[in-house]
Amino acid sequence: MVEKFDNEAEKTDNDAEKTDVEAENDPAPAVAPAVEPADTLSEDEYPKGLQFVFILLALILSIFMVALDLTIVATAIPKITDQFHSVSQIGWYGSAFFLTVASFTSPWGKLFKYFTLKWTYLASVFIFELGSLICAVAPNSTALIVGRAIAGLGAAGVASGAFILVAFLAPPPKRPAYLGLIGASYGISAVIGPLLGGVFTERLSWRWCFYINLPIGGVAAAILVVFFQLPPHVKPAEATFREKMLQLDPTGIVLILGAVICYILALQWGGVSLPWSSSTIIGLFVGFALLLICFGINEWWLGERAMVPMRLLKNRYIYQGMAYSFTIAGTYFLVLYFLPIYFQVIDNVSPIQSGVRNLPLILAITLSTVSSGIGVTVTGRPMPFMVVAAAVSTIGVGLLYTLTIGSSSAKWIGYQVLTGLGLGLGFQVPVSAVQATLPQIDIPSGSAMIIFVQTIGGAFLVSAGESAFESTLTRKLLASDPSVNPLQVIGTGATDVRTVFAPADIPFILRAYVSGIQTAFIVAIALAGACTIIAFGAKWQRLQSPPKLEEANNTEPSITAMEAKSEV
């Protein structure tokens, strides 16, 4: 079947004369031709003046809104667990968002190609706003998790669509500057997210961490409705309904969602509400493995239509970059989600103070990310940055593991700075390497694959850390203070333990919490260590110029040639 898909690209222009019935029975080429690439627009077709300024502002606000959602929630999680008595579901608050972002980023890219760009992008903003509203008014933890998943679905479209819209905002030579502004909004939101989350949680309610998205998204959407207009000759790519469905890869979406949900449920229940040896837990792990295998088979069968094109996995920068990104992203999100729990539960500080205490990590990540981008550009060698980043991250997280009750500010500041410098130094290097080495036609797919594993890594590994945290917390409480019911502690909000339990029990509970957090950091240490090993396998040589289009894929020249004609 794959051979049939690939051979379709070699058909002549006579295919255009087929009837609709014939087209339905004979699949379209693996990559449908774009009708009008943005680079073919004339200078006077790009927006100018206030129209340009407003559209750029809308894109900046959109990315700011989505990026803010990544960091603002972490500070609020301890208070959320207080209201919903849901320490056992900490992992879901992050994983539900990451899971849908990862699963739908590639399909959104196809939607932008086959449907009207403006209204498709506005639909993604609406979905994100709907998810945020559900989170803001959630009556229970389940509703909050559903809202996070819906918000992630919209965020995938907002994030990927913003960079597509830039292509219709300015000619190629000017785009890097505007992409830089959009990227800067991401960095700014990463810095103020923990602070804003702390302020909302302490002064108003954690629900304002989600309400804040409504006016931001509303302003961005209103601007785009009024000011963004595509030239009349720019139309969506034409394809049969069957071809559009194949391009969206719905089977792959269902399989990867099912696999990760099985995995998360197994980790959430195993060792806490059910023994690891129970048939339910074993069945969930078996289901996870089988669905993952089916996902791989589905991606192989779809070929170029897949969200993870298998031919690109032969590229060393791709498969090593994916492994590296998976581990370093998991390390980052584990640290991001468990440090606020340490500050608010162990040190008993307010959400605002917790946000302030997170600044050393976020600022260090932001500064070192910029530095690594410049460094890789100047030297052309990603490997040294990847090795140093992973090694420094391992040391930094190892030091965070030593934090305990009463640790000094010098320790948690210094350890965060070291960890942040390492994480930021390597986080974007795989994307840079892929974009510098792949042919232009493969850059979107290659970059999407790296981003896919970064976000799916967040879903996988935050859940793994949460499972390790819960299991250790339960075991330590049973060993140190049998009079305290571990399930009651887990069912109590993280910052409510001092008010719910007797003063004599608090020291035992806090020590159990410290042990649980340390176990989550052990998972992060293992990931950072694996990341270091992976980094040593990267290529030492300087990045080479991308190969010519006709040389991009020797195994499938017909598809590459067709893509080159249709999109360049």
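A Cβ is built for glycine as well, from the same backbone N, Cα and C atoms used for every other residue.
Pulled from TrEMBL, these are the features on record:
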COMPBIAS  1-21  compositional bias 'Basic and acidic residues'
DOMAIN    55-543  domain 'Major facilitator superfamily (MFS) profile'
REGION    1-32  region 'Disordered'
REGION    547-568  region 'Disordered'
TRANSMEM  52-78  transmembrane segment
TRANSMEM  90-109  transmembrane segment
TRANSMEM  121-139  transmembrane segment
TRANSMEM  145-170  transmembrane segment
TRANSMEM  210-230  transmembrane segment
TRANSMEM  251-270  transmembrane segment
TRANSMEM  276-297  transmembrane segment
TRANSMEM  317-339  transmembrane segment
TRANSMEM  359-378  transmembrane segment
TRANSMEM  412-434  transmembrane segment
TRANSMEM  446-465  transmembrane segment
TRANSMEM  517-538  transmembrane segment
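Of the Cβ pairs linking the transmembrane segment (90-109) with the transmembrane segment (517-538) and spaced 6 or more residues apart, fewer than 3 are under 8 Å, so the two regions do not touch.
Counting Cβ pairs closer than 8 Å and at least 6 residues apart in sequence, the transmembrane segment (251-270) and the transmembrane segment (121-139) reach fewer than three and form no contact.
For the transmembrane segment (145-170), the residues of the chain that approach it from at least six positions outside its boundaries are 38-39, 41, 46-47, 52, 55-56, 59, 62-63, 65-66, 69, 89, 92-94, 96-105, 108-109, 111-112, 117, 120-121, 123-136, 138, 178-179, 182, 210, 213, 228, 230, 234, 448, judged by C-beta separation under 8 angstroms. Within the chain, the transmembrane segment (517-538) has long-range Cβ neighbours (under 8 A, six or more residues past its boundaries) at 320, 323-324, 327-328, 330-331, 334-335, 338, 341-342, 346, 382-383, 386-387, 389-391, 393-394, 397-398, 400-401, 403, 422, 426, 461, 464-466, 468-469, 471-472.
For the domain 'Major facilitator superfamily (MFS) profile' (55-543), the model's pLDDT averages out at 81.
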